[in-house]
Amino acid sequence: MHPPRRAALGLLPLLLLLLPPPAPGAANKPTPCQRCRGLVDKFNQGMVDTANKNFGGGNTAWEEKTLSKYEFSEIRLLEILEGLCESSDFECNQMLEAQEEHLEAWWLQLKNEYPDLFEWFCVKTLKVCCLPGTYGPDCLECQGGSQRPCSGNGHCSGDGSRQGDGSCRCHVGYQGALCADCMDGYFSSLRNETHSFCTACDESCKTCSGPTNRDCGECEVGWVLEEDACMDVDECAAETPPCSAAQFCKNVNGSYTCEECDSSCVGCTGEGPGNCKECIPGYARELGQCADVDECSLAAKACVRKNENCYNTPGSYVCVCPDGFEETEDACVPPAEAEVTEEESPTQPPAHEDL
């Protein structure tokens, strides 16, 4: 019994090898090796999923004696193949159809000799991948060898694929062709013939030989050497302050920040209204900090027109006539008084010409 999908043997490697390379900007387009590895991963998962199954006819012993063991049967292979691709996954189904006879040959004839399907299928047969630690068309060893490429401290360009140039892209803290040397800001905490480990220096060091601020070879910017140790420079204590008049300086390790003064301050030495150098108009120092002056509660009236209401605001006040009162230049006139005033206003007689 054979699975239903078939493909010409001459087309077997073509689908993966002849597919055009990813177009510029085509995000996450899988490479031929990634497609092959994905198919193998699904096949291996299918083997796991069918590991405890049988022919399902009810008489397992007779079936396995007569039809051969389910474990190695084409029926199990068919079940694995049918579960590899979703019906909507065009690329997976196309690749499976092209490579099905290879998978069948491995399953029926080569599985014992080549137990690693990925190595046999993707590396040796289709030649779209390399083993870990090797790269390029000929699967050459990465820099530093295939067992520990880049000394274990970086990534080999093209590792595991038929691409790349085998050069090392070092992890943070490492440098050199084999990623065995430490960058500035790191020191060698362990190094032997096979391993190299770099550890971060103290934050005060640009270069160092150990983990403390006394092991610095050179101090970082914002630090200065004092008594054989790199110490933080307090920029805020400089003779010329580094911040503007409306800001205060806050020292941090290796640097400083400029923070805005409280809105009630004219200049300040720190955060909040208690650190003002002077108070802005409308504020006065009270209990050690700049507080709003309530002009409406002062002995000298802020609003001088008759019947006028005073309302305090932050740093100032407003004078407003009550609702319904008429506003004049020197008073807020109640409605009744305003009407009487209008009635008592004399009417000027018309002018007469002399005859």
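Start at 1 and count along the chain as shown; that gives each residue its number.
From the backbone N, Cα and C atoms, a Cβ is placed for every residue, glycine too.
Residues 332-355 are the range that TrEMBL records as region 'Disordered', among 44-67, 188-211, 332-355. According to TrEMBL, Cys179 forms a disulfide bond with Cys170, chosen from Cys170, Cys182.
Residues 31-33, 123, 127-132, 186, 191, 194-196, 198-200 of the same chain lie 6+ residues outside the domain 'EGF-like' (138-180) yet bring a C-beta within less than 8 angstroms of a C-beta in it. With the fewest other Cβ atoms inside 10 Å of its Cβ, the least crowded of the disulfide-bonded residues Cys170, Cys179 in this structure is Cys170. DSSP places the residues of the domain 'EGF-like' (292-333) in helix, strand and coil in these numbers: 3 helix, 17 strand, 22 coil.
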